[in-house]
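To start, the structure under review is shown below, and the notes come after it.
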Amino acid sequence: MSIACCLPVVECVYCLACARWTWQRCLHSGGYDSETWGVASAAEFEPVPHLCRLILSVYEDDLENPQWAPPGGYGMEPRWVVHRRTYEHTHGHAPTYLLYVDHRHSDVVLAVRGMNMAKESDYAVLLDNKLGQRRFDGGYVHNGLLKAAEWVFDAECDVLRDLLEKNPGYTLTFAGHSLGSGVVAMLALVAVHNRERLGGIERKRIRCFAMAPARCMSLNLAVRYADVINAVILQDDFLPRTDIPLEDIFKSLFCLPCLLCGRCLIDTCIPESVMLRDPRRLYAPGRLYHIVERKPFSCGRIPPVVRTAVPVDGRFEHIVLSCNAISSDHAIIWIEREAQRALDLLLENEKTMEAPEVQRMGNDVTISRDHDKEQQAALRRAVALGVADVPSTYGTFDENPTSEADEASPLLSDSGRRKAVWDEWIARIFEKDETGQMVPRR
């Protein structure tokens with residue numbers, strides 16, 4: 001065509017697409033992704049800095065004599081550590097993790113470290129996935145991360161059940177960073193589906209905090225499990241925004257310019273609504289907490305602000321061209337530091353604006369109701385966009401689970417179909433309490 005017209009038509013279209021992509025990326029700032037979100041409260045964000053320190057402690061060989069402790073230490077008692085599993089124990093099936101009983105916060109914590117660049121087994125976990133390879137509860141998940149989570153769950157479920165029985169009322173928390181964030185997100189899904197193996201623990205007592213999360217689950221799962229999974233993202237972090245499959249990035253290191261050029265054409269020619277309707281597309285999991293500490297074209301950092309939401313469209317879709325995107329904004333040390341600063345500011349602001357006790361409802365009840373309403377709104381939005389799938393029966397460990405719900409089309413054809421799916425979702429996930437409020441089903 002270019003030769004017939006004596007004009008480089010294809011080359012011109014290609015250059016225009018690249019120019020448009022570059023222009024959008026240069027003007028896009030990490031703070032734009034969450035500018036319409038609400039500000040998080042101190043009560044809901046309080047566990048984050050502490051859990052970051054617990055994740056950091058996994059890197060230590062001897063907690064009695066730590067070498068890499070942050071200012072103020074890890075905030076943990078070494079005698080409360082149940083055990084630490086290294087690569088020698090996991091045999092490459094999962095990253096190093098630590099099991100800790102936090103009696104100060106009435107919590108049983110399983111913390112997983114991030115990716116070890118020197119371990120081939122971590123690369124094997126990361127690269128064990130193809131688009132649409134693994135289904136789970138009516139959605140799609142990262143195959144390698146789910147297999148790692150299943151291995152950890154099988155290895156630790158008896159220990160976790162005993163700890164929860166010895167400490168009634170304690171919550172069960174999974175925390176991880178980077179590669180570990182994907183493992184703990186999958187671990188939360190597995191735990192919710194197999195609560196009988198944990199002594200029948202209620203769903204509301206299971207929590208997950210994924211720091212610098214990987215895109216590991218489809219959109220309908222990310223929204224439906226927002227009451228269990230929380231993802232913490234620092235400013236411009238690249239990993240939650242990397243919609244290119246990570247295995248393709250590693251496989252294309254010798255042809256990275258070709259990969260980026262293809263990304264330019266995709267972003268230019270394919271609308272976001274079309275990409276959003278692909279049920280196999282993976283996203284950052286659960287409820288998102290975005291720590292914003294820099295403004296466009298500003299020098300230095302600003303007091304960090306924590307914004308939170310359960311977004312459906314516009315869910316960290318654009319990579320930010322920033323020198324911090326793959327360094328400090330992804331590092332667990334910086335996430336812990338900025339999360340602590342943000343929490344201190346939240347506590348200070350709430351203290352100065354605190355109302356009399358008799359005029360305030362309990363913070364936990366208020367936050368829970370706000371989160372439930374926000375999750376319901378996100379579910380309605382997902383159904384309206386046609387990206388929702390009918391969830392399958394709970395509790396499956398099959399390699400390739402199938403059911404009638406899995407065979408159903410993820411696209412909804414009419415309003416009656418959408419209403420039926422929405423009603424089924426609500427019945428499965430929520431129930432009414434004594435006051436008539438909708439709360440997550442136990």
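Glycine is no exception: its Cβ is also placed from the backbone N, Cα and C atoms.
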Range annotated as region 'Disordered' - as stated in TrEMBL, picked from 354-373, 394-413:
394-413
Which whole number is the mean pLDDT over the domain 'Fungal lipase-type' (109-242)?
95
By DSSP assignment, list the helix, strand and coil residue numbers for the domain 'Mono-/di-acylglycerol lipase N-terminal' (10-74), in that order.
38 helix, 2 strand, 25 coil
